[in-house]
């Protein structure tokens, strides 16, 4: 099922971009590529696909070379967009050393965000990870106030309070399930440490990327190109430094009986990363980094529920309640942003007079 979805999404992604290229000649694609709701829908679909694909790779074959997997995804992404550019379907700017130097901190933050995310998931259940990920939205929102002149309304603040409350409930449900076992509590707190590190690195990545996009006037494929090109060497270096490349572990990750299948699925997951890379940059560009993060948080709620059902996560009153409180926070925030946009639209004619 995961393979079929990946193939279909890849075909749709290719067809849509080809159609956009044709439409662009007639000036018909601008309304689509600059449409916020369309970018949000595309980001949701691609992020769900990416999560399912990665879970299939790591879960089905007990894969533990995460840095190497991410490096393969980056390499496949680069080859894919280079092929699309060669066919005249997409375009992006040529490599520039000065731009690469300015963009390198973003690539480093991307690697840090991915690594801390994988470490948090190693020690925390999927529902708890998902709920605590919402705290990133608060960091991004106040980062936008400082850097981009954003505004936090009373209703948005209320949604942030609900996010914090959902995290507290999730923590209580997690500790209630763990009990007083010292070893398990130690691993749990270690997971929370990685989770908070991931929240800060994720917020820094999104905010700095948005600021750099404004300064460099990067388009979506420019952002994808530099993110993958600069993160690839970092991922390879970190893989060889921190991951187990012994023959025993290699045989565990690439068993002879399904080695070809494992390699194929790794490449397929890299192809699916093209969609999430493009849609992430697209969503940040045409909406806001806070909206992008909130959409991602809401999009993770179905994954959190699947964690309760399929992944042996703690199922109790508190864990289930935390998911729905987090969802309620997302609804509150969506309504708050909608009201704020309407108010801004009404103020614009007055400001122009």
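Here the Cβ of each residue, glycine as well, is placed from N, Cα and C on the backbone.
Here is what Swiss-Prot says about this protein:
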- 260: N-linked glycosylation site (CARBOHYD)
- 1-31: topological domain 'Cytoplasmic' (TOPO_DOM)
- 53-66: topological domain 'Lumenal' (TOPO_DOM)
- 88-102: topological domain 'Cytoplasmic' (TOPO_DOM)
- 149-154: topological domain 'Cytoplasmic' (TOPO_DOM)
- 173-187: topological domain 'Lumenal' (TOPO_DOM)
- 209-227: topological domain 'Cytoplasmic' (TOPO_DOM)
- 249-262: topological domain 'Lumenal' (TOPO_DOM)
- 284-290: topological domain 'Cytoplasmic' (TOPO_DOM)
- 337-353: topological domain 'Cytoplasmic' (TOPO_DOM)
- 32-52: transmembrane segment (TRANSMEM)
- 67-87: transmembrane segment (TRANSMEM)
- 103-122: transmembrane segment (TRANSMEM)
- 126-148: transmembrane segment (TRANSMEM)
- 155-172: transmembrane segment (TRANSMEM)
- 188-208: transmembrane segment (TRANSMEM)
- 228-248: transmembrane segment (TRANSMEM)
- 263-283: transmembrane segment (TRANSMEM)
- 291-313: transmembrane segment (TRANSMEM)
- 317-336: transmembrane segment (TRANSMEM)
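Secondary structure at the residue listed as 'N-linked glycosylation site', as computed by DSSP, is helix. The topological domain 'Cytoplasmic' (88-102): residue composition by secondary structure is 6 helix, 0 strand, 9 coil, according to DSSP. Counting every protein chain shown, 10 other Cβ atoms lie within 10 Å of the Cβ of residue 260 (N-linked glycosylation site).
Long-range contacts of the topological domain 'Cytoplasmic' (209-227) within the same chain, counting only residues at least 6 positions beyond its ends with a Cβ under 8 Å from a Cβ of the stretch, are 33, 77-78, 81, 85, 90-93, 99-100, 102-103, 106-107, 109-110, 147-148, 274, 277-278, 281-282, 284-285, 288-289.
For the topological domain 'Cytoplasmic' (149-154), the residues of the chain that approach it from at least six positions outside its boundaries are 141-142, 160, 288, 290, 336, 339-340, judged by C-beta separation under 8 angstroms. Averaged across the topological domain 'Lumenal' (173-187), the predicted model reaches a pLDDT of 62. Look at the topological domain 'Cytoplasmic' (209-227): DSSP puts its residues at 16 helix, 0 strand, 3 coil.
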